[in-house]
């Protein structure tokens, strides 16, 4: 029977992480458990930086972006000797289990800790929406709002100057955020990691639009596919139309979480604690068809490539 749990946020931050921490803390306290907040993810766990949390520790946190516990990427956690120190730090405080909030890298850490005797439950927190076992991740919908707002603003100035605008969106190797934002923002062209990309074909499509009388256009592209500044110069040279690239960058991770992310994070935080109380370990929570679900972390890590929303792309192309 667990009496003390720890909670940490790891990897890239996402709007709604504070709401998830709040869900963990308030649910645990309602079940008479003690909760320790661990600062800066696995790095703080290794450095033994943690503090006891009460219900007031998470007051006024549900609407705040970022994570008040802090987050960090800590590649050293892959080393067994580093994890052994982390486990010893937990044992010294008699912390029985952990809730880990983050993306696939955070899942790997939770998987390894579980194998070392620390029961872990993972919560998907990333704007990329690239984690298996869930329809949506915490932060995705807030980032989507941010991206669409940026696209709306770009459309205003692109229209004024009859310009082609390229907007680079986060997502790593998953195009969910780009695709949804492109549909909501009315983008004329979409470049995703899930589809074959040739700049020559993109230029041909843009040129065809110009010949039909299109005065401006917005191209939404997922990060890491190409150098968007070079792509902008290439398009401008081939079309003789002013072209500018905008990299949204880390602004996509900031801001107060939207309503859906607050609810999702609260539900996931509470559910993670419930699973620990029931004796589960090495699991990751998710939402599927609006219901809370859980899967083995190991299975999720084996199937991280999400099913591509091909029907969404087909719809988007009809709306160009």
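Heads up, residue numbers simply count up from 1 along the chain you see.
Using the three backbone atoms N, Cα and C, a Cβ is placed for every residue, glycine included.
The ATP binding site annotation in Swiss-Prot covers 12, 73, 74, 103, 104, 105, 106, and the record cites sequence analysis as its basis. Note on residue 74 (ATP binding site): other Cβ atoms within 10 Å of its Cβ, all shown chains, come to 21. In the three-state DSSP assignment, the secondary structure recorded for residue 74 (ATP binding site) is coil.
Annotation comment: Swiss-Prot describes 22-26, 55-60, 155, 186-188, 212, 214-216 as ADP binding site. Neighbour list (residue 56 (ADP binding site), Cβ cut-off 8 Å, at least 6 residues apart, same chain): empty.
For residue 104 (ATP binding site), the count of additional Cβ atoms within 10 Å of its Cβ stands at 20 [all protein chains shown]. Summarising the annotation, Swiss-Prot assigns Mg(2+) binding site to 104 and lists sequence analysis as the type of evidence.
Within the same chain, residues at least 6 positions away in sequence whose Cβ sits under 8 Å from that of residue 253 (substrate binding site) are 12, 13, 14, 15, 65, 127, 139, 143, 170. Annotated substrate binding site per Swiss-Prot: 126, 127, 128, 163, 170, 171, 172, 223, 244, 250, 251, 252, 253, in sequence order.
According to its DSSP assignment, residue 128 (substrate binding site) is coil. Sequence-distant neighbours of residue 128 (substrate binding site) (same chain, six or more apart, CB under 8 Å from its CB) are 103, 137, 140, 170, 171, 172, 174, 176, 177, listed in sequence order. Taken from Swiss-Prot, the feature active site, proton acceptor covers 128, and the record attributes it to sequence analysis.
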> Beyond 12, 73, 74, 103, 104, 105, 106, what residues of that chain have CB atoms within 8 A of the centre of the ATP site's CB atoms?
Replying inline: 10, 11, 41, 102, 109
> What number of additional C-beta atoms lies within 10 angstroms of the C-beta atom of residue 25 (ADP binding site)?
Replying inline: 26
>> On a C-alpha basis, identify the one among 22, 59, 73, 212 that is nearest to residue 251 (substrate binding site); the candidates are the binding-site residues.
In response: 73
> Around residue 186 (ADP binding site), how many other C-beta atoms are within 10 angstroms of its C-beta?
Replying inline: 14
